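Student: Got a structure for you, written out below as structure tokens; questions coming shortly.
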């Protein structure tokens, strides 16, 4: 994949993220929410935003694949090695925040190709913050380079996590929450996995962990963290895999210390 390819993919992903965000903002306060499952909602805005994103991406790259949260697929998500580039999209990450008009939600777009993360774009329409990256090209926020923090230990770290809808995953997270909250300076939960990862990439947060993710939750954000100089892995310390459910993303310096609390 050439630098020109990556540039075209990245600019198109940014265009698609803005198109999706336009739908979110036009629907804000006008939708009917319905439950997909326990503590998991979908709105007309999700569906409209996903269609807007998909239209932009596949108009430019009709031979690419598309995997969106609102497609309803939960299994068989891993693409075959050597398959066509796959856009992995969460058109509204932070749906509950959006429904309650909490300004912490975003459009998340990642590209998986050649068995690796290639593009990551996360756009927060309320703050007009465009986090963007391409493999090997560093990470930016509104075109300015970003780097992870330099905090060296948990004692000075601000951590974040997410609580997925599944009750068993919530219980596992609670087991990790207490010791990590006592060991760190502060703990936050934004309600948006993608924003949590973007905030690690730009140094606002120092580490993030979660159980029970889907690829659209993490593909864009994991590449942002990696390109901003951070470290990503599974919660047992194995190499990261966006098609597995658990993730740890940090500034790198606190990664071993966090694993000490998370590896069981």
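Note that Cβ sites are derived from N, Cα and C of the backbone, with glycine treated the same way.
Curation does not apply to TrEMBL; its annotations are automatic.
Take a look at what TrEMBL says about it:
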BINDING   69, 92, 217  Mg(2+) 1 binding site
BINDING   90, 93  Mg(2+) 2 binding site
Student: Reported as an integer number of Å, what is the Cα distance between residue 90 (Mg(2+) 2 binding site) and residue 69 (Mg(2+) 1 binding site)?
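Tutor: That comes out at 5 Å between the alpha carbons.
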Student: Under 8 Å Cβ to Cβ from residue 93 (Mg(2+) 2 binding site), same chain, six or more residues apart: give me those in sequence order, or none if nothing qualifies.
Tutor: 105, 106, 107, 108, 122, 192, 193, 194, 195, 216, 217
Student: If you draw a 10 Å sphere on the Cβ of residue 217 (Mg(2+) 1 binding site), how many other Cβ atoms land inside?
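Tutor: Residue 217 (Mg(2+) 1 binding site): 27 neighbouring Cβ atoms within 10 Å.
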Student: Does DSSP give residue 69 (Mg(2+) 1 binding site) helix, strand or coil?
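Tutor: DSSP call for residue 69 (Mg(2+) 1 binding site): helix.
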Student: Can you name every residue in this chain, apart from 69, 92, 217, with its Cβ inside 8 Å of the center of the Cβ atoms of the recorded Mg(2+) 1 site?
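Tutor: These residues sit around the Mg(2+) 1 site: 46, 70, 89, 90, 91, 93, 95, 108, 194, 214, 216.
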Student: At 10 angstroms around each C-beta, which of the binding-site residues 69, 90 has the fewest other C-beta atoms nearby?
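Tutor: Each of the binding-site residues 69, 90 was scored by Cβ atoms within 10 Å; lowest is 69.
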Student: What are the sequence-distant neighbours of residue 92 (Mg(2+) 1 binding site), meaning same chain, six or more residues apart, C-beta distance under 8 angstroms?
Tutor: 20, 24, 43, 45, 46, 49, 98, 105, 106, 107
Student: Reduced to three states, what secondary structure does DSSP give residue 92 (Mg(2+) 1 binding site)?
Tutor: strand
